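K.L.:
My questions all concern the structure below.
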Amino acid sequence: MKILVLNCGSSSIKYQLLDMETESVLAIGKVERVGMEDAIFEYKGAGEKIKEIGTILDHTAGVRKVLKALTDPVHGVIQAPEEIAAVGHRVVHGGEAFVKSVIITDEVKRTLRELFDLAPLHNPANLTGILAAEAALPHAPGVAVFDTAFHATMPRKAFLYALPYAMYKGHKVRRYGFHGTSHKYVSQRAADLLGRPLEEVNLITCHLGNGSSVTAVQGGKSVDTSMGFTPLAGLIMGTRAGDLDPGVIPYIMAREEIGISEVNSMLNKHSGILGISGISSDMRQIEEEMEKGDPRAVETFEMMEYRLRKYIGAYAAVLGRVDGIVFTGGIGENSPLFRKAVCQNLGFLGVTFDEEANNCRGQERIISGPDSKVAVMVIPTNEELMIARETAELIRNR
């Protein structure tokens, strides 16, 4: 069974074609600047990587270009589009309507439109991708896999905010959490690495990248997570503030004489690593400037480590027993320095640290010492494979 995985943004398409018999990637690529005359198309299948620049009018044209590349006599990996059994779509927000992956129907699409207000930057683009795939691949059923679904198992005491209850009842204002597909994938891999059934394992999974979140996973189920109603809450991120006193917002608006859109832009695009450091939103550059002794880079790094450590401590209290801590995402997988800084301060959990094992980037391994009471792991995430698995399972069992 071959599954095409699509992750559509407002002007982009990221895609992979996977063979689920071997769970191998047959082709991978992306389309950027959709709707522009200088759209960028990238494809890597059989042979060398292809990059083209030209007009791609819309997402449907983009998907059709992907299919043309996949079936190309020289660079293609399939002979006909009909070999694609189904299309798995990343959808950012499922709200309370979707607590697991679903086969896409007209009713599902109607409900997705009703959820636009919960994720105005992402869900409309995700639906555009769904419609584009239906137009280009009418034979292939679609499956929606939601970033929020893994966190649907959180108890009410964890997801409700202490606001007037009418805000929840009337507007569904609550903690939803994100990065669920990544947290689900690495928690399953962590149980495999530990050689234990997932149902018996308590984990703290740390997805650290430009967007970052941490999740308490009890027996394979999310019981708490750092992101909230939006992906703005929790850890310090590339350009997002993470947790902050809500009272700061009206104060800044009054002092700076700015409106909702300006403060929203500040919190989402100009805060976090970039805002504190004044250098970059990229952790690699922060670490480079740290080595040169830049005080703001040092302070940014220390704040990030401190915030994550606070969450790990809190989630250890939530879980009662921690069997494993997982680092994933761009920073989690590729920054030995940050992992070391965090782990050196986790002695209260019985964590010991293997510096030699930690000296790796993008490799799956255990980096805690042999006498550590908690296994600390680096597990490269694979959201596309997780989406493909969920898609294949639904298609097989429908």
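Residue numbers in this text run from 1 along the chain shown.
Using the three backbone atoms N, Cα and C, a Cβ is placed for every residue, glycine included.
As annotated in Swiss-Prot:
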BINDING   ASN7, GLU383  Mg(2+) binding site
BINDING   LYS14, HIS207, LEU208, GLY209, ASN210, GLY211, ASP282, MET283, ARG284, GLY330, ILE331, GLY332, GLU333, ASN334  ATP binding site
BINDING   ARG90  substrate binding site
ACT_SITE  ASP147  active site, proton donor/acceptor
SITE      HIS179  site 'Transition state stabilizer'
SITE      ARG240  site 'Transition state stabilizer'
K.L.:
Considering only the recorded positions ASP147, HIS179, ARG240, which residue has the minimal Cα-Cα separation from GLU333 (ATP binding site)?
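P.N.:
Going through ASP147, HIS179, ARG240 one by one, the Cα closest to that of GLU333 (ATP binding site) is HIS179.
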K.L.:
Which one is it: of the binding-site residues ARG90, ASP282, ARG284, whose Cα lies the shortest distance from the Cα of ASN7 (Mg(2+) binding site)?
P.N.:
ARG90
K.L.:
Could you measure the widest C-alpha to C-alpha distance across LYS14, HIS207, LEU208, GLY209, ASN210, GLY211, ASP282, MET283, ARG284, GLY330, ILE331, GLY332, GLU333, ASN334, the residues recorded as binding ATP, and give it to a whole number of angstrom?
P.N.:
24
K.L.:
For a quick check of packing: other C-beta atoms within 10 Å of the C-beta of ARG240 (site 'Transition state stabilizer'), how many?
P.N.:
26
K.L.:
Going along the chain, which residues six or more apart from LEU208 (ATP binding site) have their CB under 8 A from its CB?
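P.N.:
Sequence-distant Cβ neighbours: LEU235, LEU308, PHE327, THR328, GLY329, GLY330, ILE331, GLY332, SER335, PHE338.
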K.L.:
Of all the recorded positions given, LYS14, ARG90, HIS179, ARG284, which has the fewest Cβ neighbours within 10 Å once its own Cβ is left out?
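P.N.:
It is ARG284 that, of the recorded positions LYS14, ARG90, HIS179, ARG284, has the fewest other Cβ atoms within 10 Å.
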K.L.:
Counting only residues 6+ apart in the same chain, whose Cβ is under 8 Å from the Cβ of ASP282 (ATP binding site)?
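P.N.:
Listed in sequence order, they are GLY238, ILE273.
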